[in-house]
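Peer 1: The structure's right below; bear with me while I get my questions together.
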Amino acid sequence: MKYQGLLAIAGCIASASAVSVSGAAEGFAKGVTGGGSATAVYPSTTAELVSYLGDSEARVIVLTKTFDFTGTEGTTTATGCAPWGTASACQLAINQNDWCTNYEPDAPSVSVTYDNAGTLGITVKSNKSLLGSGSSGVIKGKGLRIVSGASNIIIQNIAITDINPKYVWGGDAITINNADMVWIDHVTTARIGRQHLVLGTSASNRVTISNNYFNGVSSYSATCDGYHYWGIYLDGSNDLVTMKGNYIYHFSGRSPKVQGNTLLHAVNNYWYDSSGHAFEIGSGGYVLAEGNVFQNIDTIVESPVDGQLFTSPDSTTNKVCSTYLGHVCQVNGFGSSGTFSQADTGFLSNFAGKNIASASAYTVVQSSVPSSAGQGKI
């Protein structure tokens, strides 16, 4: 029996040790290596996970279970506000940095009780690969922060869930700000208080967001309808962002919001089921969208578009892409969705000389992305 036990343990170790980065980043973050060939470590506590992610060593960190941060930093009860009403499906807001006081002075005041761990994510330092084993790697109640000059980071095959979903300003799933060479791949996010993904106002430089499942189903939302509003916010001052192969489901807005000075290549993504809008493009947002599928998205882009947008409207117009991207852009596909037709070409030269993700026909996306995006589908 002792030998059988030892063999079982050895088998588990061998299985765990087999976890490594799958594939390679396409697009702007091509070449990212994360922790490289560092010996994998397997945190067993939330404290170990925080330590591994936040130290100065190159690391491959493998998650084999759920790391639940709920309650680890206590709770706060304070006065917040109800900008969207007090119905049971409406999000309430924490008065973070006097947000309620300054921006929603007429909103009813309410008592809010939130988990402190969720309000600020785990710091991720440079040269890290954070990988999940199978479908078992979950971070619950706290997000990730890639900030302050961090670079060369891979986050792959994990889930981030349940971050104060009732409260705006309750926390973000993934924050990137003042960073470079970041690859977010096969990650599932669900039940998040604020943004599922946010690139802050400092330069995040080269970022690839691929094969992720952004799940906007929530019991609480700013639109009070079960559709999360705060999806993806790209607001950097000098950002090159590739979004490819993502499944963006059940949002009512900001999926994504693009502004600042952000060049976005949105290619082969699947947007499904929105009660509001998908794209919001502000000043300094430059968006090329090709080979995507929009299903049941009544408003694909909110008006007005204050930045620039190329929607790859037809095969003739799309030939202009060849000069700058090295291929003819793919048309997008639509099902029970609104219009999406704009052909600003002045910004396309910004793609010249960059690492550009390949593009497939939208018909491929329709059949493959929902079944292949997110954790455990790698």
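Cβ atoms here come from the backbone N, Cα and C positions, even for glycine.
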Peer 1: With the disulphide bonds as Swiss-Prot has them, who is the partner of CYS100, out of CYS12, CYS81?
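Peer 2: Here Swiss-Prot pairs CYS100 with CYS81 via a disulfide bond.
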Peer 1: Check for me: which candidate out of CYS12, CYS90 does Swiss-Prot give as the disulfide partner of CYS224?
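Peer 2: Of the listed candidates, Swiss-Prot names CYS90 as the partner.
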Peer 1: Looking only at CYS12, CYS329, which is named in Swiss-Prot as the disulfide mate of CYS321?
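Peer 2: Recorded disulfide partner of CYS321 in Swiss-Prot: CYS329.
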Peer 1: By a simple count of other Cβ atoms within 10 Å, which of CYS81, CYS90, CYS100, CYS321, CYS329, the disulfide-bonded residues in the record, is least packed?
Peer 2: CYS90
Peer 1: Please identify, among the recorded positions CYS81, ASN127, ARG254, CYS321, CYS329, the one with the smallest Cα-Cα distance to CYS90 (disulfide bond).
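Peer 2: Nearest in space to CYS90 (disulfide bond), counting only the recorded positions, is CYS81.
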Peer 1: Would you identify the secondary structure of CYS90 (disulfide bond) according to DSSP, in three states?
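Peer 2: The three-state answer is strand.
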Peer 1: Work through the recorded positions one by one (CYS224, ARG254, CYS321) and name whichever has its CA nearest to the CA of CYS100 (disulfide bond).
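Peer 2: For CYS100 (disulfide bond), the closest Cα among CYS224, ARG254, CYS321 is found at CYS224.
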Peer 1: Have a look at the recorded positions (ASN127, CYS224, ARG254) and report the one with the fewest Cβ neighbours inside 10 Å.
Peer 2: CYS224
Peer 1: Counting distance between Cα atoms, which of the recorded positions ASN127, ARG254, CYS321, CYS329 is nearest CYS81 (disulfide bond)?
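Peer 2: Going through ASN127, ARG254, CYS321, CYS329 one by one, the closest to CYS81 (disulfide bond) is ARG254.
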Peer 1: State the three-class DSSP label for CYS81 (disulfide bond), counting H, G and I as helix, E and B as strand, and everything else as coil.
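Peer 2: SS state of CYS81 (disulfide bond) = strand.
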